[in-house]
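**Student:** A single structure is presented below for examination.
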Amino acid sequence: MFCVQCEQTIRTPAGNGCSYAQGMCGKTAETSDLQDLLIAALQGLSAWAVKAREYGIINHDVDNFAPRAFFSTLTNVNFDSPRIVGYAREAIALREALKAQCLSVDANAHCDNPMADLQLVSDDLGELQRQAAEFTPNKDKAAIGENILGLRLLCLYGLKGAAAYMEHAHVLGQYDNDIYAQYHKIMAWLGTWPADMNALLECAMEIGQMNFKVMSILDAGETTKYGHPTPTQVNVKATEGKCILISGHDLKDLYNLLEQTEGTGVNVYTHGEMLPAHGYPELRKFKHLVGNYGSGWQNQQVEFARFPGPIVMTSNCIIDPTVGSYDDRIWTRSIVGWPGVSHLEGDDFGPVIAQAQQMAGFPYSEIPHLITVGFGRQTLLGTADTLIDLVSREKLRHIFLVGGCDGARGERNYFTDFATSVPDDCLILTLACGKYRFNKLEFGDIEGLPRLVDAGQCNDAYSAIILAVTLAEKLGCGVNDLPLSLVLSWFEQKAIVILLTLLSLGVKNIVTGPTAPGFFTPDLLAILNEKFGLRSVTTVEEDMKQLLSA
């Protein structure tokens with residue numbers, strides 16, 4: 001096992017990465033190794049997808065499957081070894097079908113990629129795990145060095161984050177052939193074990209630029225189906241009655257659940273990154289969507305244990321449900337998996353609803369505590385002139401984007417302390433689950449404009465980018481000249497690709513933490529600092545002083 005993709009990875013003087021029987025996330029060595037094997041199979045599939053496009057062949061089954069299967073290897077998504085192997089087998093079957101299509105056009109069709117003809121050696125998980133050793137990401141570290149390995153992983157993990165957003169967009173009916181062609185090209189190239197530093201740096205920026213397009217179609221999918229988010233108050237306390245909790249990012253799953261629970265007497269609560277759903281008109285119209293439950297994903301083993309109903313995980317993040325003894329009432333959807341947990345293959349939530357009706361639910365309603373969400377792209381753009389007016393009248397000094405992933409590390413209190421230290425004449429724009437560090441606090445307003453503005457899920461960084469570009473255009477300056485600072489927390493691969501997206505768009509002087517990714521070497525950090533001004537957090541006082549004086 002070697003895995004260094006998330007922020008909680010093991011760090012020692014000898015090197016970074018989880019390399020024992022189990023990773024810090026709870027992923028076993030077996031599952032981790034089989035995920036490496038799956039990635040190799042997906043690289044071979046992408047290699048043939050690139051070749052097929054040379055012949056004018058676009059196989060939508062391949063395009064739909066590849067990012068989804070890659071998403072299953074993201075942190076805290078799928079811990080179920082047999083399902084990972086199932087994805088690998090499906091990848092190879094699709095590859096062979098695509099290969100046959102190519103050969104029907106050109107009998108000499110050939111794909112020159114190390115992964116192009118990969119076959120699984122056995123049905124036995126132990127044998128497959130031994131085969132997976134050929135594809136361990138750091139297998140040639142001694143030959144290529146830490147810097148090249150770090151750049152490879154930056155590209156692989158960044159592309160993995162983009163694949164997750166591609167799957168979210170696909171679920172909502174969005175497709176862009178150029179994006180998929182670019183995805184397959186990059187995925188196939190990474191399967192050649194590239195070792196050119198400049199080429200890898202260019203690839204990282206290409207992934208960021210591609211992801212900007214992905215976030216654009218995801219935004220289109222969400223707003224076309226569910227309307228543009230508008231500011232909405234959400235209760236974060238319990239309401240009397242039977243209940244279901246839904247977590248993750250999949251708004252379509254939430255919509256289906258709301259439709260199927262309507263009139264059943266079962267209330268629905270959002271959790272984690274599903275909180276922004278309350279801002280969408282077509283979702284909040286359901287009166288039994290009564291609130292949001294819990295805090296950051298890392299607290300779920302305590303909070304889920306206390307929730308008196310079933311729980312549905314639609315995407316990341318799931319952690320060991322046996323710890324809180326709620327494994328008999330947590331359900332996984334789509335690419336999510338945990339051994340022994342009930343999995344929903346389709347869109348029928350009937351078994352979940354039946355379980356909710358058999359459980360006690362909340363015995364009484366607590367005193368409501370309301371927070372505000374729903375500052376989506378359209379709403380944010382509607383504030384642009386107000387923001388400019390406040391700045392011109394010196395009522396608004398600075399905007400801080402404080403957001404990103406949450407996690408268990410104690411150093412993440414930095415982001416709570418930073419938000420509460422922001423001066424009263426400054427605004428906080430937030431997104432993703434990092435907001436749970438401070439989103440239940442009171443920040444007041446500036447002439448009626450809330451000082452805490454919740455833009456949505458992690459992918460809604462797109463909305464923040466569009467706002468920044470719009471402000472810069474209206475003010476006749478560059479984005480980096482705005483009174484705007486980005487203070488980002490990271491945990492997993494979606495955050496990595498958001499960072500690459502920002503860097504590829506030329507956004508500079510981003511402050512990130514609580515620690516640097518374990519695959520970043522001192523040399524790579526120095527390169528990113530020199531090119532983009534990217535740096536790690538220090539202390540709240542020092543960072544605040546520096547950002548306000550920039």
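Cβ coordinates are placed from backbone N, Cα and C, and glycine is handled just like the others.
According to Swiss-Prot, the protein has these features:
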- Cys3, Cys6, Cys18, Cys25: [2Fe-2S] cluster binding site (BINDING)
- His249, Glu273, Cys317, Cys405, Cys433, Cys458, Glu492, Lys494: hybrid [4Fe-2O-2S] cluster binding site (BINDING)
- Cys405: cysteine persulfide (MOD_RES)
**Student:** For Cys6 ([2Fe-2S] cluster binding site), which residues of its chain lie six or more apart in sequence with Cβ-Cβ distance below 8 Å?
**Tutor:** Met24, Cys25, Thr75, Asn76, Phe491, Glu492, Gln493
**Student:** Considering the binding-site residues Glu273, Glu492, which residue's Cβ sits among the greatest number of other Cβ atoms within 10 Å?
**Tutor:** Glu273
**Student:** Give me the sequence-ordered set of same-chain residues, not including Cys3, Cys6, Cys18, Cys25, with a C-beta within 8 angstroms of the centroid of the [2Fe-2S] cluster site's C-beta atoms.
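**Tutor:** Filtered neighbour residues, in order: Val4, Gln5, Gln8, Thr9, Gly17, Gly23, Met24, Lys27, Ser32, Thr75.
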**Student:** Which residue, of the binding-site residues Cys25, Cys317, Cys405, has its CB surrounded by the fewest other CB atoms within 10 A?
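**Tutor:** Counting other Cβ atoms within 10 Å of each of the binding-site residues Cys25, Cys317, Cys405, the minimum falls on Cys25.
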**Student:** So for Cys433 (hybrid [4Fe-2O-2S] cluster binding site), how many other CB atoms are inside 10 Å of its CB?
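**Tutor:** A count of 27.
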**Student:** Lys494 (hybrid [4Fe-2O-2S] cluster binding site) has how many other Cβ neighbours within 10 Å of its own Cβ?
**Tutor:** 33
**Student:** What are the sequence-distant neighbours of Cys18 ([2Fe-2S] cluster binding site), meaning same chain, six or more residues apart, C-beta distance under 8 angstroms?
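**Tutor:** Met1, Phe2, Cys3, Val4, Thr9, Ile10, Met24, Cys25, Lys27, Ser32 - these are the non-local Cβ neighbours of Cys18 ([2Fe-2S] cluster binding site), listed in sequence order.
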**Student:** Enumerate the residues of the same chain, His249, Glu273, Cys317, Cys405, Cys433, Cys458, Glu492, Lys494 excluded, that satisfy the criterion Cβ within 8 A of the mean position of the Cβ atoms of the recorded hybrid [4Fe-2O-2S] cluster site; list them in sequence order.
**Tutor:** Gly272, Trp297, Asn316, Ala432, Gln457, Phe491, Ala495
**Student:** Restricting to the same chain and to sequence separations of six or more, state which residues have a Cβ under 8 Å from that of His249 (hybrid [4Fe-2O-2S] cluster binding site).
**Tutor:** His168, Glu273, Met274, Thr314, Ser315, Asn316, Gln457, Asn459
**Student:** Return one of helix, strand or coil for Cys18 ([2Fe-2S] cluster binding site), based on DSSP.
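**Tutor:** Note: Cys18 ([2Fe-2S] cluster binding site) is in a strand by DSSP.
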